[in-house]
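J.: To start, I am sharing the structure in question, which I have written as structure tokens.
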Amino acid sequence: MELKNRTLYCSLCAVTVLLCSSAVFAGDIVHHDDIAPKRPGCMNNFVLVKVPIWVDGKEIMEFVGVGARFGPTLESKEKRANQTKVALADPPDCCRTPRNKLTGEVIMVHRGNCSFVTKANVAEAAGASAIIIINNQTELFKMVCEANETEVRIGIPVVMLPQDAGASLRRNMKNSSHVSIQMYSPQRPLVDVAEVFLWLMAVGTILCSSYWSAYSAREAAIEQDKLLKDGSEEYLNKNHSSGVVDINTTSAVFFVVIASCFLVMLYKLMSYWFIEILVVVFCIGGVEGLQTCLVALLSCFRWFEHAAESFVKVPCLGAVSYLTLAVSPFCITFAVLWAVFRHVSFTWIAQDILGIALIITVLQIVRVPNLKVGTVLLSCAFFYDIFWVFLSKRLFHKSVMIVVARGDGSGEDGIPMLLKIPRMFDPWGGYSIIGFGDIILPGLLVAFSLRIPPLTISNSETILRSNRCFVPRDLSRYDWLSNKTLKTGYFLYAMLAYGLGLLITYVALNLMDGHGQPALLYIVPFTLGM
């Protein structure tokens, strides 16, 4: 058998990893808090704040802080944010009236010894225009009101900066006579170009996979028709392997259990070395996918037909075409270069190429045999996605899916089993991403729905349609078996439903200020409902 069915087995081994990454997010800019209750004067959302530092009229660096639950709303545009001189608090904790006289400066204080509201009240009474509270750690902390602080009326902005920002400010203030800052909280654009391109990539990947699968099935049917002509009874009595893995109802249900266990393992073992293992797994699957796609693409050109149809035996691999041997070194080199230089800004392009090739290949060899299995699979994935994005917070105090997708605690930008594009017009930067599972799972049902063009040889159609038990698995497509056209079949509407469901996902993502969303929560109802 061709190398395809052997080597792509590695891709199937990685499917569990791929399906665990099933979330869409763009990086939170609003941090919600469900523990501290809101009350009058203490009802702000926790927004991220940009704090550029100016020394003698020149901007030298920028830090990111977080706004308090109390105080006025910060300006959202940089050009409207005033440059204000910074003054050190004396005493540093600002728990009592400062010794130094303030005339509208931003006062920088240390955290501790009294509540955040007390510090803000003291600073405002002393004449400060804003207060910056330096945390005693490198992380940020959500500043809320104490239980006994029922009437909070703070009229100056309150922002917390991490410990390293405070050290930098103090150092510059010692070396210069004039250090000033700006404070503003820019809003994320309603739609970023990255989301548009990511939508096109996801929809285009499923569309390409579906038609490639249909074309391959049609070619296989033509080949089988020739065998039927030579001796139909002898052919029908033989067991032929098509290299396709069918999902049954039991495996669709067990998907939730297996994927959940694997997701918890990723959550618990998330570290730098574990990310390295995932990178190796992704590279193996990416090489197989890219190799398969390139071989199929090049085989369409007459210059490569002979190389694609000529085989050589390779130990442990069996018969391998010369074309496969020719493209394999390129695919391996491509994946290795991505793994080595994956921290470079533009390598997201290579990751997306490997990911798309792998998704297309998986959709070629993993198929649902009927609508019942497809419905069960997507229904299970629907509840799986909702639980691990939203409900898992109650058990693990964090969204397990989001933590795994971002690679929190690993020192990496995230796990590689994602398609991602940098946000181009977002002042906060970051990436828009989509998990492989949000493409593969709905893609299985969409690809199943595609109509295969009927064969020109009526004999094989008669045999295949009259003997359903002998229909090859490659021909198990609903629209084809039901003799439906593109307009009257399911594929066109399933494709539109997937695109619409993914579009609604990004609308919800923006309405939630970038907080991660379970894409299948929106995609599955649209796909199955349509």
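Each residue's number is its place along the chain shown, starting with 1.
Backbone N, Cα and C define each Cβ position, glycine as well.
Copied straight from TrEMBL:
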{"type": "DOMAIN", "residues": "91-169", "note": "domain 'PA'"}
{"type": "SIGNAL", "residues": "1-26", "note": "signal peptide"}
{"type": "TRANSMEM", "residues": "196-214", "note": "transmembrane segment"}
{"type": "TRANSMEM", "residues": "247-267", "note": "transmembrane segment"}
{"type": "TRANSMEM", "residues": "273-304", "note": "transmembrane segment"}
{"type": "TRANSMEM", "residues": "316-340", "note": "transmembrane segment"}
{"type": "TRANSMEM", "residues": "346-366", "note": "transmembrane segment"}
{"type": "TRANSMEM", "residues": "373-391", "note": "transmembrane segment"}
{"type": "TRANSMEM", "residues": "428-450", "note": "transmembrane segment"}
{"type": "TRANSMEM", "residues": "490-509", "note": "transmembrane segment"}
J.: Let me spell it out: take the transmembrane segment (373-391), skip the flanking residues so only those 6+ beyond its ends count, and list any with a Cβ under 8 Å from a Cβ in it.
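T.: Same-chain residues near the transmembrane segment (373-391) but 6 or more away: 19, 22-23, 247-249, 252-253, 255-256, 259-260, 263, 399-402, 437, 441-442, 444-445, 448, 516-521, 524-525, 527-528.
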J.: Does the transmembrane segment (316-340) come close to the transmembrane segment (428-450), meaning at least 3 CB pairs under 8 Å for residues 6 or more apart?
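T.: Contact between the transmembrane segment (428-450) and the transmembrane segment (316-340): absent.
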J.: Can you work out whether the transmembrane segment (196-214) touches the transmembrane segment (316-340), with the criterion being 3+ CB pairs under 8 Å where the paired residues are 6 or more apart along the chain?
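T.: Between the transmembrane segment (196-214) and the transmembrane segment (316-340), contact is absent.
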J.: With DSSP, how much of the domain 'PA' (91-169) is helix, how much strand and how much coil, in residues?
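T.: Helix, strand and coil residues of the domain 'PA' (91-169) number 17 helix, 14 strand, 48 coil.
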J.: So which residues does the transmembrane segment (346-366) touch in its own chain, when a touch means Cβ under 8 Å and the partner is 6 or more beyond its ends?
T.: 5, 8, 11-12, 14-15, 18, 201, 205-206, 208-210, 212-213, 216, 243-245, 247, 282-283, 285-290, 292-293, 334-335, 337-338, 416-422, 431, 436, 439-440, 443-444, 447
J.: Report the mean pLDDT of the predicted model across the domain 'PA' (91-169), rounded to a whole number.
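T.: The average pLDDT of the model in the domain 'PA' (91-169) works out to 88.
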